[in-house]
Amino acid sequence: MTHQTHAYHMVNPSPWPLTGALSALLMTSGLAMWFHFNSTLLLALGLLTNILTMYQWWRDIIRESTFQGHHTSIVQKGLRYGMILFIISEVFFFSGFFWAFYHSSLAPTPELGGCWPPTGIHPLNPLEVPLLNTSVLLASGVSITWAHHSLMEGNRKNMLQGLFITISLGVYFTLLQASEYYEASFTISDGVYGSTFFVATGFHGLHVIIGSTFLIVCFLRQLKFHFTSSHHFGFEAAAWYWHFVDVVWLFLYVSIYWWGS
């Protein structure tokens, strides 16, 4: 395409939606195989396909936006709407877990001992590691905002520092969460408490890992001078996503760790 008379991006044919769908099929099938038959072959294949797809798809998007100029102001507006709708869909995704938790905890059945936490469950102390995790994520929210404001002001050094601090705090949170899982006295098999706790906090942990990956990509891009004060939607989307992850954790902490204990 040599000439166009509009500001929209006519996307070229791409194999990545197909390979992405294939990787999703392999990962979900692989999880079932791992749970039931203790075989990790399909899961590993799905993860490998997913990583390769993500890398090559992001590479294409970066090339189209940064080097080929396809992301005009109209295209960026559409991407903003898309990111907002994606975050709204994530809100409903986590709402299901909160619904399951409150449905079980507000009116505990006789099978649970008529109390919450259920008989025999020793919940984690909300004033120990969970409170530290809350502080870590709140601090990361401050540092990502600092990075964003620095970018808007054209201060590249401070932007990189703020982004590096945010990524470090995200990795630290993930390690703390992993240690908490390792030391917990209950498992995902321990009735409705174990299942709601590990599914809700586990999916949040997965979102922290995804958000950290998103921010690492932004950090590497900024090292190559991809973002300017007026053209940086990739970073803005990552910041929105990170703030969403922060807010979800606050609800998890208040509901499951503090009130639920």
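Backbone N, Cα and C atoms are what each Cβ position is placed from, and that goes for glycine too.
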Swiss-Prot annotation: Thr72 and Ser185 on one membrane face: no
As a test of reading the model: what is the averaged pLDDT for the topological domain 'Mitochondrial matrix' (224-232)? 91
Recorded stretch, among 16-34, 129-152, 233-256, maximising Cβ pairs under 8 Å relative to the transmembrane segment (191-223): 233-256
Per the Cβ filter (under 8 Å) with a sequence gap of at least 6 from its ends, the transmembrane segment (129-152) is approached by 158-163, 165-166, 169-170, 172-173, 176-177, 179-180, 215, 227, 229, 232, 235-236, 239, 242-243, 245-246, 249-250, 253, 257-258
